[in-house]
Amino acid sequence: MAPISEIDITLRLVISCILGGLIGFERESLDRPAGLRTHILVCIGSTLMTLVSIYGFSGFDAVTKDPARIAAQVVSGIGFLGAGTILREGLTVTGLTTAASLWVVAGIGLAIGCGLYFAGIAGTALVFLTLVLFGQVERRHWSNKCRDKIKIIVRDQPGQIGQVGIFFGKHNVGIKNITMHHIHEQNVINLEFVLIIPVNADMIQIFAELAEIDGVLSIDKPW
């Protein structure tokens with residue numbers, strides 16, 4: 001295998017820095033757990049490890065080389081880093097998109113390290129469009145519906161939370177997030193819902209019916 005030049009090494013690392021930074025900038029602008037620096041470091045690190053796996057052992061002719069081994073370890077290792085961006089509070093889970101972006105950035109770094117510039121650049125463009133463009137599409141999709149946060153206290157008994165969820169579904173009220181806290185001393189559960197409410201919904205009537213459900217103790221409405 002022909003040795004790689006220092007200029008080519010520098011070029012690949014610089015391209016990785018730019019591509020990782022582009023995705024990281026979008027995450028940073030939304031104040032996500034992993035932002036600009038993290039994505040740049042992941043992309044550069046993946047490229048560097050790929051370069052080492054391909055060219056680092058070229059002088060050892062008697063050694064059987066398998067460049068895919070280090071790449072496989074990068075893919076496995078990035079999972080632990082991505083897990084650190086996923087947060088859970090009650091039933092609410094956040095950070096999945098950021099974890100996925102870190103995983104993809106590692107793949108972009110591997111592609112650049114192998115010299116697959118088109119694959120790395122095209123992948124970055126698609127990821128950036130997915131994060132920015134489809135993020136706007138999601139926000140526009142829900143723009144005709146309002147979101148309200150309500151707090152409900154229910155008895156701590158089997159099926160109670162599911163009963164409330166079925167009730168909202170029957171009235172076409174979507175549930176964006178649920179956070180729950182058990183109050184064991186009082187044998188109740190404090191539920192906090194982020195609801196996606198259709199503009200034509202009669203929420204006064206809906207909450208009146210909700211209050212009649214057995215086990216619903218109180219409702220803290222947003223108005």
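Here the Cβ of each residue, glycine as well, is placed from N, Cα and C on the backbone.
A TrEMBL annotation is a machine prediction, not a hand-curated record.
What you see is a predicted model, and the numbers here were worked out from it, not measured in a lab.
TrEMBL lists transmembrane segment for one of the ranges 37-58, 147-168, namely 37-58.
The highest tally of CB pairs under 8 A with the transmembrane segment (37-58), across 9-25, 70-87, 102-135, is held by 102-135. Secondary structure of the domain 'ACT' (149-223) per DSSP (helix as H, G, I; strand as E, B; remaining residues coil): 20 helix, 33 strand, 22 coil.
Here the domain 'ACT' (149-223) returns a mean pLDDT of 84 for the predicted model.
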